[in-house]
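Record features, source TrEMBL:
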type	residues	note
BINDING	Asp30, Thr86, Thr122, Glu155, Lys266, Arg331	NAD(+) binding site
BINDING	Phe152, Leu153, Arg154, Glu155, Lys207, Phe252, Leu253, Arg254, Ala255, Gly256, Gly260, Lys324	substrate binding site
ACT_SITE	Cys263	active site, nucleophile
DOMAIN	317-418	domain 'UDP-glucose/GDP-mannose dehydrogenase C-terminal'
Amino acid sequence: MKVAVIGTGYVGLVAGVCFADMGNRVVCVDTNAATVEKLRAGRSPIYEPGIEELLRRNIAAGRLTVTTQAREALDGTEAAFICVGTPPRDSDGEPDLSLVYGAAKDIANAMTGPLTVVVKSTVPVGTGDAVEEIIRRTRPDMSFSVASNPEFLREGSALADFQSPDRIVFGVEDAKAEETLRKLYLPLRATGAPQIVTRRRTSELIKYAANAFLATKISFINEMADLCEKVEGDVTELAAAVGLDSRIGGAFLRAGPGYGGSCFPKDTCALLHTAQEYGVPLRVVEGTVAANNARKHRMAQKVIEAAGGSVIGMKIAVLGLTFKPDTDDMRDAPSIPLIRHLQRAGAEIAAYDPQGLRQARDRLGNVAFHGDPYECAADADVVVLMTEWNELRSLDLGRLHRIMRTPVMVDLRNIYPPELARRFGFRLVNIGRPGPRGTVHQLPPALVASPPIQSDAAPILVK
Ligand code: UDX
């Protein structure tokens with residue numbers, strides 16, 4: 001099948017190379033001539049493990065071409081995917097749909113015959129209707145369908161997520177669109193991924209609901225971690241036990257500094273906006289967002305407390321800047337508010353990240369960036385582990401301890417087992433894990449505040 005993919009960001013490029021690898025003839029379109037040149041040379045503008053290999057292989061096989069001209073891509077094409085960005089608007093944080101509508105207009109102007117237009121960008125409910133309207137008004141002479149086919153890929157494992165998905169969702173309003181999508185995704189039947197065929201609006205909402213639910217799991221476990229810290233519980237053990245309930249599932253129960261990235265923060269807010277528009281309160285999602293926002297500053301406070309109550313004049317080394325490992329993406333990374341907060345509190349910040357330094361430089365001022373974690377941590381008063389890169393999971397703790405001025409480690413990803421870090425002499429602060437065994441346990445406040453136990457009262461069991 002000949003397929004056009006409009007937009008070569010995360011979603012577009014991954015879809016483009018994967019559709020080509022499945023044997024289709026794919027033409028990717030991007031308005032940025034420099035990006036097109038780079039892609040033609042087999043270089044990816046985004047950091048994603050394995051993507052350049054797939055890009056080169058499919059260019060060499062003649063299945064994948066890249067152009068700035070929609071006309072070239074749409075000539076004789078059966079399916080055109082809209083994969084452009086929907087970044088939050090500065091004014092109100094709502095997704096900016098101008099690129100989606102622009103792509104719809106370009107497709108309409110360039111189409112040469114019957115076409116299925118598929119919106120893959122994450123868009124609010126009803127956007128497919130608007131896309132349909134734009135195309136109909138521009139080309140009343142043409143027969144076409146508009147479908148929704150959301151993408152559930154994660155940065156860092158985007159290719160695998162595309163090639164062996166948990167499910168594939170087709171939001172269609174007519175049989176032609178369903179037939180085209182089924183044909184295109186036929187090679188993925190072998191993975192056993194269920195195909196959900198639904199109406200377009202449901203499909204648009206599925207993407208938001210999935211992301212909001214995952215974000216909720218994270219905020220939930222983060223709040224459990226806060227409680228663990230007070231009651232001397234261990235959130236990693238709690239999450240493991242709770243996650244073994246098959247109704248809950250163990251994924252996305254890693255407590256940390258809060259979720260970031262290009263999807264969860266933006267999509268949860270967009271969902272709340274849709275809900276508000278339709279007068280349907282989504283209190284659970286509101287709580288998820290509020291907890292995550294508050295968390296960013298709580299994390300900075302945690303560092304300040306670990307430093308003894310003040311960071312004025314101290315050197316704080318932040319190891320890991322991206323919102324998660326295996327990406328260079330700094331969008332909504334929790335490291336940004338953490339660093340700004342610590343700077344306002346008077347700290348000097350040094351920072352290291354394996355891939356995110358280029359984007360970090362654009363977003364953060366007054367930071368000493370380093371290309372090596374040990375250089376970064378030399379003479380530091382506190383080291384903060386922000387992202388669980390493999391490289392940061394296997395630091396030489398002896399060396400780290402020797403080069404720091406004071407060995408205070410704030411492990412916001414629970415990378416290091418507490419006993420290990422303490423064995424190397426670190427003063428460790430982590431997320432929701434107890435201090436060393438043998439520390440004096442405080443009585444729970446409820447017991448302290450309760451009246452003296454009468455001898456004939458039922459015994460209270462205290463573990
Ligand atoms: C997410 C969704 O997973 C994906 O399906 C969707 O298409 C896009 O948004 P992504 O943003 O790439 O993908 O990253 P993900 O791996 O989901 O992590 C998002 C954030 O949650 C990161 O900041 C990560 O550190 C955090 N997280 C994730 C946790 O804090 N704890 C967890 O248990 C899991």
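Here the Cβ of each residue, glycine as well, is placed from N, Cα and C on the backbone.
Nobody curates TrEMBL annotations by hand; they come from automatic prediction.
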Which recorded positions from the set Arg154, Lys207, Leu253, Cys263 come within 10 angstroms of Thr122 (NAD(+) binding site), judged by C-alpha positions?
Lys207, Cys263
Express the distance between the Cα positions of Ala255 (substrate binding site) and Thr86 (NAD(+) binding site) as a whole number of Å.
28
Tell me which binding-site residues (Thr86, Thr122, Ala255, Lys266, Arg331) have a Cβ under 6 A from ligand 1; sequence order is fine.
none
Reported as an integer number of Å, what is the Cα distance between Arg331 (NAD(+) binding site) and Leu253 (substrate binding site)?
22
Note: among binding-site residues Arg154, Lys207, Lys266, least Cβ-dense neighbourhood at 10 Å is Arg154
Ten-angstrom check, please: count other Cβ atoms within 10 Å of the Cβ of Thr86 (NAD(+) binding site), all chains counted.
22
Per DSSP (three-state), Gly260 (substrate binding site) is coil
Specify the count of other C-beta atoms within 10 Å of the C-beta of Asp30 (NAD(+) binding site).
24
